[in-house]
Amino acid sequence: MNFFESIINFFKSLFWKQEMELTLVGLQGSGKTTLVNVISNGGFIEDTIPTIGFNMKKVTKGNVTIKLWDIGGQPRFRSMWERYCRGVNAIVFVVDSADREKFEQSKQALQDLINKPPLAKIPLLVVANKNDLPNSAGVDEMIQNLDLRGIVGREVCCYSISAKNSVNIDITLDWLIKHSSSVKN
C-alpha cells in the first residue's frame with residue numbers, strides 16, 4: 001500500500017463505517033458461543049447453553065460493525081454451515097484445543113466445509129480455544145493436526161486463545177477487522 005492509499009484509508013475510517021460478516025463454526029463444545037459472548041459483552045458468561053441451529057449478534061468495534069453468525073456444532077447442524085459461510089468476510093473455525101480426541105473429527109469437518117466451491121477464497125481463521133486448560137495444543141500443533149499448511153487458495157491464520165479468560169481475543173479481533181475490507185462473494 002502506498003502513502004496516498006494509506007491517507008485515503010485513514011480518512012475513510014474516520015467518515016465511513018465498515019461492516020463485516022463472520023461465521024463461527026466448529027464441533028459442539030468448542031466454545032463458539034462463549035467466544036461470541038466475550039466479543040459482544042466483553043466478558044465470560046458461566047452458564048452458556050449449546051446453540052440449537054444458529055444465533056446472530058451485531059457488535060461494533062471502532063468503526064467496524066461485525067455481524068457474528070454462531071452456528072451449532074452438533075452433527076445435525078453441520079449441513080447448515082456452508083449456507084451461513086457463503087459471502088462472509090471470514091470463516092472462524094473454533095477448536096477445543098484441550099480435546100485431543102476430537103482433532104481428527106475437527107480436521108474432517110473443516111476440510112468438508114472449506115472444500116465447498118462457493119466458499120473458495122474466503123479467509124479462514126482457526127482459533128484453538130481453551131488454552132487455559134491443561135494439555136491444550138498450541139498453534140504449531142493445531143496447524144499440524146488440522147493440516148492447515150495444506151489449505152491453498154485462501155488466507156489461513158491460527159491463534160491460540162482462551163475465550164473464558166479473554167486471552168488473545170484482541171489479536172483475534174485485529175485479524176478479523178483487518179479482513180473487514182475483504183471482497184464478499
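The first residue you see is number 1, and the count goes up from there.
In case you wondered, yes, glycine gets a Cβ from its N, Cα and C as well.
As annotated by Swiss-Prot, GTP binding site applies to 28-34, 70-74, 129-132, with the evidence given as similarity to another entry.
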Filtered by Cβ under 8 Å and at least 6 apart in sequence, the residues in the chain of Q28 (GTP binding site) near it are P50, G72, G73, Q74
Name the residues of the same chain, 6+ apart in sequence, whose Cβ is under 8 Å from the Cβ of N131 (GTP binding site)?
S97, G138, S160, I161, S162, V167, N168
Going by DSSP, is T34 (GTP binding site) part of a helix, a strand, or coil?
helix
According to DSSP, which kind of secondary structure is G73 (GTP binding site) found in, if we only use helix, strand and coil?
coil
Cβ neighbour count (10 Å, all chains) around N129 (GTP binding site) is 29
